[in-house]
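Trainee: Quick one: the structure is below, and I'll ask about it shortly.
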Amino acid sequence: MTGDPENPQLSKDGDIILGAIFSFHFSWKVGQDTYMHKPLPLECTSGLRYSVKVALALANGNEVVSAPTKAPCTRPGQVQAIIGDTSSSPCMAIATVIGPFISHSPSASCACLSDKTKYPSFLRTIPSDDYQSRALAQLVKHFGWTWVGAIRTNDDYGNKGMATFTETAQELGICLEYSVSFFRTDPPDKIKKIIDIIKASTSKLIVAFVSDMDMHVLIQTLSQHNLTGYQWVGSESWISDSQTAETDTHHILDGAIGLFIPRAHVSGMREFILDFWETLFNCKFKQSNPSAENQRECTGHEDLTGVKNSFTDISFMPVNYNIYKGVHAVAHALHIILGCNETCNNKNLQHIKKIHFKTKEGDVYFNENGDLPAKYEIINWQPTENGIVDFVTVGLYDASLPADKQLSLQLVSVIWAQNSKQVPVSVCNEKCPPGTHKVLQKGKPVCCYDCIRCAEGEISNMTDACLKKEAEFLSYEEIMGVLLTAAALFGTCMTAVVATIFFRYRTTPIVRANNSELSFLLLFSLTLCFLCSLTFIGRPSEWSCMLRHTAFGITFVLCISCVLGKTIVVLMAFRATLPGSNVMKWFGPAQQRLSVVAFTLIQVVICILWLTISPPFPFKNFTQFKDKIILECALGSAAGFWAVLGYIGLLAILCFILAFLARKLPDNFNEAKLITFSMLIFCAVWMTFIPAYVSSPGKFSVAVEIFAILASSFGLLICTFIPKCYIILLKPEKNTKKNIMDKGASKSF
């Protein structure tokens, strides 16, 4: 060493020596160097340069080298490890030039020190700021604070800690109205600008990632401007600092909440401190009063157990426990070295990285980054009647637990800013009420927005957002749609089976009777009736809306026209048996076909006019239900719809009347009876359809229409054809011309 020796303040020889660095000052004086003579020593020093100087002094020793030597510098360092109380920036400088360095300082928590490629020998007995920053963001989010201000120390501790907080806050939907930095040596004008920013802000929450020494400077300026009414969230460096609380004479920080290293009891610590102070006090008293006659004689046994001040109160000094863990970590590493004999590759304190031991408070070990597991107490500043701030633990944060269980709080015991029991609110905008949604304000963070009413087709049964209303229509995926589809397909298959039977036995009398051509045309129209019901299922589209009603109208008219033709044939046939009657020549097969075509063409014309003038179209019904949209087919022209339906009803009533009149005509097989039954069912179904259709909401009105189509189709199929199939398949002896033409008394019904 070529400069002046740097002698330790306290020292004791031993076989193995540990070094310790502690800071006592807030600032320093730097002289002007002229480079003409040796620089003057620093006054009231602390800081980066002096930290490195004393660290090198501990490592190298204090011998003054008067002349250069060629002897290799191979001897071990004066101390085997250094335990330091200093902030992150000095730690970064120290850790790059010496061996094992263990920091217990709350200010040495910068996440950058976890980089083992840069600081391989650095360890610490406090968690990394990476955990603290994320925990602070989760704490802010927990209370619903989304609009916050941020103040940080302008060094590695504050800048990197706040950077992680900002990143996590953005992920959690928290916005920073401002983020400013300062250092305790900054000129007053710069700190005054921070005060102006706070005054001009609208956020009521301030997150302060600040060291305790910087907080002392800031609180003095805040007190001068009486800047009260803000909720403070603090980092562990100042949130538990009793001197900061004593400096806060205007109670600006009352109600502050923040993270703190968990406190722990070190056995015998208080007794050791009291014994040390008693001895020191007695010795100093004797030296200052060597011949005092009227003063009591110092015995060296004065009792200080009743004295209570910041030097004797260790109930809130987790730093003591951090030092305790650091020293024990070194001791366990030494124990490993002493026990490994010649098997160790190197007998130095690098083994400290592998230690794992237990204390009353839990396990102590370093992870791959040289950090301890992250655990924090959440403390709350609560003023007492005598004006002293009480640091009350109101929760815990444990980073080793699952994400949803890391934070636990006891809100009942929290006192907030201005002694309030209510959680303060700090948002850029209140939440949007139901029925409205957020629209971001141009040029502002995402937390600032206007509340705009939901657009048509959207609903808001929650705050801040509008959701698309659920679209409802009768789909193939739902149970009702599946059942109706199955019924339609079953009817189609059943009609196909009947048609097959009739085609197989087309030459038999029962099939040939009463115009088999009309029977096959009726079966074909019934097949179309069953299939047209499928057009009512599924999401309405332009083509499906036009197809469903027109296909339904035309196929049913075709069906009823065939039934009407068969009914007229029955009446004409019995009229033709009267003497001198020649009516059948006026309603033969050609006339029957022509009547079916004519009746059907009238419906086709009605449908063409409907589609031309005002066709059905897909429509979104927003008014029927508040929480969903009904997708339906608007009729377009209601007159067109009721004209189609009315024409079907007119033909059905006409057919029913004619069949009813022919029901008692003598015959073993009077088809008029079957037609009467089928028309009775048909008319009953469609008479009940109208009130049911009008009163059914949403997709159920469509289901009612499909049900009416299927029910009437099944009625026609079963009543008209099943009795004939019964005779064809099960009573073939009755399927003869003689039996069919044999006349008998008609049974009444």
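The backbone N, Cα and C atoms fix where each Cβ goes, glycine too.
Whatever TrEMBL says is automated annotation, not expert-curated.
This is the feature table in TrEMBL:
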type	residues	note
TRANSMEM	479-505	transmembrane segment
DOMAIN	480-744	domain 'G-protein coupled receptors family 3 profile'
TRANSMEM	517-538	transmembrane segment
TRANSMEM	550-574	transmembrane segment
TRANSMEM	594-613	transmembrane segment
TRANSMEM	641-662	transmembrane segment
TRANSMEM	674-694	transmembrane segment
TRANSMEM	706-729	transmembrane segment
Trainee: Mind checking which residues of the chain, 6+ beyond the ends of the transmembrane segment (674-694), have their Cβ under 8 Å from one of its Cβ atoms?
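Mentor: For the transmembrane segment (674-694), the nonlocal Cβ contacts are 560, 563, 566-567, 570, 645, 648-649, 652-653, 655-656, 659-660, 663, 701, 704-705, 708, 711-712, 715-716, 718-720, 723.
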Trainee: Determine the mean pLDDT over the domain 'G-protein coupled receptors family 3 profile' (480-744), rounding to the nearest whole number.
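Mentor: On average, pLDDT over the domain 'G-protein coupled receptors family 3 profile' (480-744) sits at 82.
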Trainee: Near the transmembrane segment (641-662), which same-chain residues lie under 8 Å Cβ to Cβ, leaving out any that are not at least 6 residues past its ends?
Mentor: 549-550, 552-553, 556-557, 560-561, 563-564, 567-568, 570-571, 574, 599, 602-603, 606-607, 610, 616, 635, 670, 672-673, 675-676, 679-680, 682-683, 686
Trainee: Residues sitting near the transmembrane segment (517-538): Cβ under 8 Å, six or more positions beyond its termini, same chain?
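Mentor: Answer is 473-476, 481, 484-485, 488-489, 491-492, 495-496, 498-499, 502-503, 511, 544, 547-548, 551-552, 555-556, 558-559, 562-563, 565-566, 569, 589, 592-593, 596, 702, 705-706, 709-710, 712-713, 716-717, 720-721.
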Trainee: Residues of the same chain, at least six outside the transmembrane segment (479-505), with any C-beta under 8 angstroms of its C-beta?
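Mentor: The answer is 511, 516, 519-520, 523-524, 526-527, 530-531, 533-534, 537, 699, 703, 706-707, 710, 713-714, 717, 721-722, 724-725, 728-729, 735.
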